[in-house]
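To keep things clear, I will list the structure first and then write my remarks on it.
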Amino acid sequence: MAIELLRVMEKGRGCKPDTPIYSMVIDSLCKDKMIDSALKLFDEMSEKDITPNVVTYTALICGLCNWSLWRDAKMILKKMIDHKIYPDVLTFSTLVDALCKEGRMGEARNVFDSMASMNIAPDVRSYSILINGYCKKKKIDEAMHMFREMPRKGLLKPNIVTYNTVLQGLFRGGRCSEALEIFEELQAVGLKPDFYTYCNMLDGLCRTKNLDQARIIFSDLASKGLEPNVVTYTIMIKGCCQNGLLDEAQDLFQRMEEANLSPNEITYNVIVRGNLKWGKYEAASKFLEEMDAKGFSPDAVTFELLLDSLDVKEHNSTVLKMFQKWAPSTLNKNQRDKELGM
């Protein structure tokens, strides 16, 4: 353990632990989720007249943020500035990210804006973090404002991560036409769509009932150097199921297996849900049996549909049998999740 090495160094006659050593150990403790030990070591530095630097403070702030201890992280940031040790863009980005994950967008924006008051220029990552936070809260106008501000502030160019974030946000906000424009724009500025870009496009187009365009993009994947995989097939199967296109969903499922791609637990849950939702109990039973044979289990949504289907006369014995088999473990898991606040 890093802290044991530090103690050995203290007892030796050679090099004594200094700020870089303490910073390294604090960072290691934070990454190992030993935040209390990291805080104690940080306090120890003051007792031994060892001055923390920006690396030390940033490591500690990052560790606190990873535990959602953003209030403590803000206190450490204040202490850092009070001691005239000025944070860098990484320090600020870490805190902005933590606040965004907590949904505290007002505070996240205040921390982001405070960079300018300290003559620290936000980078592409810090903008992307804030844009992602706004998108998660469905504040799409604010996200787009920040996105368009990037080139005007410091000549920053959004990267593919930024574009992917904006694409997902626009689709989830129901702004399909804008998302399609962004997809064209990112290619026009010389960026190459990656796997996540295409997943966002397929998922977004399916969500907004633009299946024709989703089919075109899906069929073009191979020509773009991206062979369809379990994830992309599952997105398309889900889109078909949501729109009642069960024959097409089953055809995609079959094509997936013919391509030597094994459907995973998510794929099975998606196609079982689709068939149950639209009253196709024979097909649902077939996939339920396959699902069971492969050791997969229904998620909470699938289980609820199974439960609902028991009230329908057309359900068959397989649906009942699978419900009876999975009921104890699923109900126990749901109760545990409820107790844990999940």
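Every residue, even glycine, has its Cβ placed from backbone N, Cα and C.
Noted in TrEMBL for the protein shown:
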REPEAT    18-52  repeat 'PPR'
REPEAT    53-87  repeat 'PPR'
REPEAT    88-122  repeat 'PPR'
REPEAT    123-157  repeat 'PPR'
REPEAT    159-193  repeat 'PPR'
REPEAT    194-228  repeat 'PPR'
REPEAT    229-263  repeat 'PPR'
REPEAT    264-298  repeat 'PPR'
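This prediction places the mean pLDDT of the repeat 'PPR' (88-122) at 92. Residues 2-3, 5-6, 9, 59-60, 62-64, 66-67, 69, 80, 83, 85 of the same chain sit 6 or more residues outside the repeat 'PPR' (18-52) yet have a Cβ under 8 Å from a Cβ within it. DSSP places the residues of the repeat 'PPR' (18-52) in helix, strand and coil in these numbers: 26 helix, 0 strand, 9 coil.
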